[in-house]
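According to TrEMBL:
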type	residues	note
TRANSMEM	25-42	transmembrane segment
DOMAIN	46-156	domain 'Phosphatidic acid phosphatase type 2/haloperoxidase'
TRANSMEM	114-133	transmembrane segment
TRANSMEM	139-156	transmembrane segment
TRANSMEM	168-190	transmembrane segment
TRANSMEM	263-283	transmembrane segment
Amino acid sequence: MEILQAIQTIQSPLLDRVLGLITNLHHEAVYILVLPLIYWLYDKRFGRYMFSVFVIGFWSNDFLKEVFRTPRPDPAQVRVILAETGGGYAFPSGHAQTPLVFWGAIADHVRRRWFTWAAGILVFLIGFSRLYIGVHWPLDVIGGWAIGLVVLWLMVRSRRFWTGEGQSLGLQALLAFLLPGAALGLLALLGPVDEIAWMVMGTWSGLLLGSALEEQWVRFDPRAGTPLQHLLKIIVGIVLVLAAKEGLKLVLPDSGVGDMVRYGLVAFTATLVAPWLFARFIARPPAVQLEQKTHHL
């Protein structure tokens, strides 16, 4: 309590705004933006791996929160701002754990000192912001970082598995249903599964299946095309994803299973339908272009 109160003695309106912004860098919108861009513009296998990194980081945090069920700081004893960012149990801090796993995995891939430092500073500031705004105890944040390091190490060591490299289409299709199902089952053993978990696991299932089918049937090259074509890919991809997300809401039930199916189909659209359109109409892979030229000779 003394450490938390000492941190809050440095409060100011400016810091409230700055650290409030920093704490929201763990918002789902950040991951929704970054992950498709990796898949559509940079590297499909790395995009698949990074989404699994995010999911395992999220799931392990959700699972451990239900195991420990630690209450958050009492607003009567500490100053709490942005309380809406701190629902549920406290330990371990998801804002400490998941960003460390996510940005740590990217830093491991990039292997640039400046990026590693930048990622480390970002992870620290997001964790510190949770103490400043009064929604976590210091142990929650430190524990989140420690657990995040373990999860990150495990994901890096098993990276080849999560990319799907060397796996048959049948195995990948099986894992697309087995892994999210097992994750939800373990959460259900501890209590009711929250809405976000249904959505995340549905998205994971759709991504694993869609990316496996894309690798088999489409094989688009994320880096093929001009800057204008890349911009078109982003626009078309976002429009497709939003259309699927909102359109399916009209026909699927408002329930955990309904959300899982809806987000699964949205991810399926992002990883199979959108790449098919990219390869067919926007930036055709070199192999397709060569085949067409040969056909005309």
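Cβ coordinates are placed from backbone N, Cα and C, and glycine is handled just like the others.
TrEMBL: automatically predicted annotations, no manual curation.
Looking only at the domain 'Phosphatidic acid phosphatase type 2/haloperoxidase' (46-156), the predicted model's pLDDT averages out at 90. Secondary structure counts, DSSP: the domain 'Phosphatidic acid phosphatase type 2/haloperoxidase' (46-156) has 82 helix, 0 strand, 29 coil.
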